[in-house]
Amino acid sequence: MMGMSLFMCMMIMVCVISCGEAAPGAKFEDLYRSSWAMDHCVNDGEVTKLKLDNFSGAGFESRNKYLFGKVSIQIKLVEGDSAGTVTAFYMSSEGSNHNEFDFEFLGNTTGEPYIVQTNVYVNGVGNREQRLNLWFDPTTEFHTYSILWSKRSVVFMVDETPIRVHKNLEDKGIPFAKDQAMGVYSSIWNADDWATQGGLVKTDWTHAPFIASYKDFKIDACEVPTTTDLSKCSGEDQRFWWDEPTVSELSLHQNHQLIWVRANHMIYDYCYDAARFPVTPLECQHHRHL
């Protein structure tokens, strides 16, 4: 770092630490635990695997609950013929009026594109599905899937490329998920009644077990002491890195990435489904990128 002032060196180090991207992911057991079918959740060194067979699927959940922040995980999806299966990575609160942010990876027959479906629930109401074809084969290597949640928006990202932005439009009278702590979850299960070509292609159990692999677990979020005590994370007098406008708003480059994803890979957007929604949902009338 010859020629660089000590002050500049310190500023760069602070930025790297505060942004949280340089730190390696935590071990699975530090952040998560198996939530069901424990014998189908296997730790193999740095990689954790969830297994689906004709006896059971499996899932895991975070040990803590959070209000705002960023969660990331690297996933290698089910290889080969995965038709009928769904692998999910999501955040959710509890109760019938829950909030939820979903990544759902819909299995396919061999050689067809993998579809990722995102959805947003606010106060128990979802039906905000978007679907896109991934621009790579997610079964051959690990890729990073992230949810960035702030008071301003929810951003879904794939390898740091934004694929969806759900903005806070409370000023338009539209509820936003901001007052319920969420856990982080992942699971794999059989959904051949709808997952592949609307349920036309069923799960071929001769290819079981179906295995999704995970590594590089990161949660950089505000942990709540209890689900009823949110003051630590929601107080107006506190500011976190995800509240900064440079983070909670897309940059020009990120906006271009989002436009590219929508133009080249989106195959379904609930905002344009007149059969389901004869009247365009209110948030669709205000979002620039949905």
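Glycine is no exception: its Cβ is also placed from the backbone N, Cα and C atoms.
Sequence annotations record features per position, and here TrEMBL assigns active site, nucleophile to Glu100.
Shown in sequence order, Val86, Thr87, Ala88, Tyr90, Val116, Gln117, Thr118, Asn119 are the residues of the chain, 6+ apart in sequence, with a C-beta less than 8 angstroms from the C-beta of Glu104 (active site, proton donor). If you look up TrEMBL, you'll see Glu104 marked as active site, proton donor.
Sequence annotations record features per position, and here TrEMBL assigns domain 'GH16' to 16-214. Restricting the average to the domain 'GH16' (16-214) gives a pLDDT of 91.
Taken from TrEMBL, the feature N-linked glycosylation site covers Asn108. In sequence order, Asp81, Ser82, Ala83, Tyr114, Ile115, Thr196 constitute the residues six or more apart from Asn108 (N-linked glycosylation site) in its chain with CB-CB distances below 8 Å.
The signal peptide annotation in TrEMBL covers 1-22.
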Neighbour count (Cβ, 10 Å) for Glu100 (active site, nucleophile): 18
